[in-house]
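A.B. asks: What follows is a single structure, and I will ask about it in a moment.
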Amino acid sequence: MSAIHAMATLAGGCFWCMQPLFDPVPGVLATRVGYTGGHVENPNYELVSSGTTDHVEAVQVLFEPERVTYGTLLALYWQHIDPTTSNRQFCDVGPQFCPSIFYHDEDQHRIAREMLDEVKDKYPDQVIVTRVRPAGPFYPAEPYHQDYYRRYPENYAAYLRDCGRSLLPGAVPAS
């Protein structure tokens, strides 16, 4: 990663739904989905889905900070998660769906904490469970999970519809 590129790592439920949020953003160079935050090296989907590894499904976003800010990416992230639900995002249930922001440097940490405080102000009567944690090892998911929304648009559209994610503002339809 050069000085002109930065990385964001965000978990907000099923990673199939997080990747298409960021792919079309100007300044985003690449995304990949995978697992992070757990205690097992080289986990796979089956292991993470068992709920025993402490990993969450996440998306890594490689971006150009000169074209899109980390704060802009986080604002998009906050619009597409439920920050009050720990082990569930929409119809996805389990600890691997806990909303989490993994920061890569102190500037990202500061921005994430500031935005978390703003979210807390919007939900004064609820507990915000979204975690802000230092980034650790990221394990790319199996190839069939990468770009799922592009490769399986009908399945992705059904998932969005059935889970209620297609009703969110700015939800990315299957192409």
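Think of each number as a place in line: the chain as shown, counted from 1.
Here the Cβ of each residue, glycine as well, is placed from N, Cα and C on the backbone.
Pasting the relevant annotations from TrEMBL:
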- 8-157: domain 'Peptide methionine sulphoxide reductase MsrA' (DOMAIN)
- Cys14: active site (ACT_SITE)
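Situate these features within the shown structure.
C.D. replies: The residues of the domain 'Peptide methionine sulphoxide reductase MsrA' (8-157), classed with DSSP into helix (H, G, I), strand (E, B) and coil, number 55 helix, 36 strand, 59 coil.
Around Cys14 (active site), the C-beta neighbours below 8 angstroms that are at least 6 residues distant in the chain are Glu57, Gln89, Phe90, Asp92, Phe97, Tyr159, Cys163.
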